[in-house]
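Okay, structure first, notes after.
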Amino acid sequence: MVVKVDNTESIPATDEDLIICFLILTQLPSDSFRYLIWQVISEEMDMKKKKYLRGEGANLKDLKDKKLQGQLVVQEELFGKSAAAAAKAEKWLMPSEGGYLEGDGIEKTWRIKQDAIASEVDILSSRKQFDIVLPDFGPYTLEFTPSGRYMAAAGHKGHIAIVDMKNMSAIKELQVRETVRDVVFLHNELFFAAAQKKYPYIYNREGTELHCMKEHGAVLKLQFLRNHFLLASINKFGQLHYQDVTTGQMVANVRTGLGRTDVMQVNPFNGVVAVGHSGGTVSMWKPTSAAPLVKMLCHPGPVTALAFHPNGHLMATAGMERKIKIWDLRKFEVLQTLTGHCKSLDFSQKGLLATATGSFVQVYGDLSGSQNYSRYMTHSVAKGYQVKKVTFRPYEDVLGIGHSMGWSSILIPGSGEPNFDSWVANPFETSKQRREKEIRSLLDKLPPETIMLDPTKIGSVRPERKKEKPSKEDREAEMEAAIEEAKNIHMKKKTKGRSKPSKIAKKKQEAVEKAKKPFLEQHTNKRKPTEETQLPKSLERFVRKKAAAA
């Protein structure tokens with residue numbers, strides 16, 4: 001078994017082996033030591049360079065055309081320089097490599113337990129594997145910030161905790177003394193929203209209540225659209241609300257009309273909110289439309305869980321019929337159907353899919369890269385614990401599990417993105433960087449009108465629609481309808497013999513002819529003879545004679 005987590009690969013070595021290696025390196029002369037380091041770096045660069053080369057270079061020695069040979073040599077040199085530049089950029093800008101889990105021989109990765117993984121990884125990674133037991137306040141739901149630095153845990157019986165995952169310390173704990181159904185961070189870790197018994201509330205990191213949003217009602221699920229600064233909620237009556245957290249304005253209040261549900265997720269690609277219903281349908285909404293953008297039948301029974309891939313093109317749904325389906329949202333087709341009941345779904349940054357039911361958690365992976373998911377890892381929490389939510393921690397190979405007795409954290413090698421972009425999410429940001437990022441994100445705030453299924457259409461010009469020519473059957477049906485309307489026209493009664501049956505019949509006939517006239521003029525091609533009409537040469541002499549006679 002080979003385990004790699006956070007760019008640290010387990011190599012079976014004792015303390016004596018490490019001491020011997022250190023003594024050997026320190027005894028080497030300085031030039032030899034530099035040469036050894038240079039050789040290691042050059043070998044690493046060669047390996048990275050091969051990844052960017054377009055295959056092996058062509059054998060140019062057998063070419064007889066010297067000019068062509070020279071041109072191809074220059075082209076191969078350019079390919080080599082570009083591959084070297086890409087490898088150098090990857091080495092210095094993306095220093096960390098993704099984790100992975102490999103079995104020895106016929107060993108299956110999903111048979112490897114967490115104890116075996118913890119014994120193979122480094123000390124810092126092993127500390128990310130823990131269990132917090134709080135039996136009096138569960139079940140718990142979890143939420144991470146986009147950087148993965150902070151976590152919010154909310155117990156169903158009113159316990160809310162904000163935890164710094166880097167230092168493993170609790171920032172704030174509070175007891176709201178009523179039911180908490182969901183919790184979500186707002187634009188940063190300083191503010192979070194909690195869906196409580198009657199209304200959702202907004203708190204700051206110190207636990208101070210800032211707002212009570214009574215217009216939302218008894219909310220079952222919360223989601224936050226970070227690019228639009230919109231807080232989306234769905235209550236027990238099936239009403240979907242959008243509220244702007246910067247101005248406090250209620251942007252939209254939409255009745256889904258499909259009953260009560262607590263299955264809701266935001267597509268990170270386009271900001272569309274997807275809601276799963278008890279009839280097996282999944283509807284997709286935007287705040288500027290009272291009707292769903294898409295309404296698709298995914299399961300024959302109620303939808304129990306929903307998740308989106310980070311690229312926004314894949315969607316996973318779970319139903320009561322014990323089926324998990326993976327959909328391609330570009331074509332709205334099922335790519336794969338997995339067997340199993342599921343109450344919670346989540347995709348990782350690298351595309352791993354976590355599912356949970358009862359006290360059992362399964363992780364599926366697209367190991368072949370062909371969007372064909374297979375079993376990657378399994379984990380069973382203590383018997384009797386009922387899992388409520390699973391969520392991956394960003395930029396870490398960690399899966400958070402909220403269950404009826406607290407929450408747990410397990411290691412899933414290869415789930416997180418190894419390199420972070422400090423402009424997008426910085427786990428080590430200071431308070432000054434956080435303030436600057438908040439101002440920048442407010443300046444870049446997108447209006448609700450930009451939420452659509454295909455955001456690439458923003459800024460493009462709508463092509464002119466070509467008018468389709470009606471078919472012969474359509475023209476005949478339209479003409480018959482016009483004739484019937486002309487026949488059924490009401491005639492006014494007039495005196496002095498002007499309302500005779502013959503006169504009325506004549507007027508109706510004129511109305512029918514008038515109704516037929518536009519159709520006959522439109523579809524009859526009458527060619528008027530002109531002087532420029534070209535005749536066959538055998539008939540041209542008669543035309544000349546006629547002109548001369550005239």
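Just so you know, glycine gets a Cβ as well, placed from its N, Cα and C.
Per TrEMBL, the features are as follows:
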- 462-475: compositional bias 'Basic and acidic residues' (COMPBIAS)
- 489-506: compositional bias 'Basic residues' (COMPBIAS)
- 507-531: compositional bias 'Basic and acidic residues' (COMPBIAS)
- 375-455: domain 'BING4 C-terminal' (DOMAIN)
- 453-550: region 'Disordered' (REGION)
- 296-337: repeat 'WD' (REPEAT)
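Proximity of distant same-chain residues to the repeat 'WD' (296-337), defined by a Cβ-Cβ separation under 8 Å and at least 6 residues beyond the stretch ends, is recorded for 261, 263-270, 274, 276-283, 343-347, 349, 351, 353, 355, 371-373. In terms of DSSP helix, strand and coil, the repeat 'WD' (296-337) has 0 helix, 25 strand, 17 coil. Helix first, then strand, then coil: DSSP counts for the domain 'BING4 C-terminal' (375-455) stand at 17 helix, 25 strand, 39 coil.
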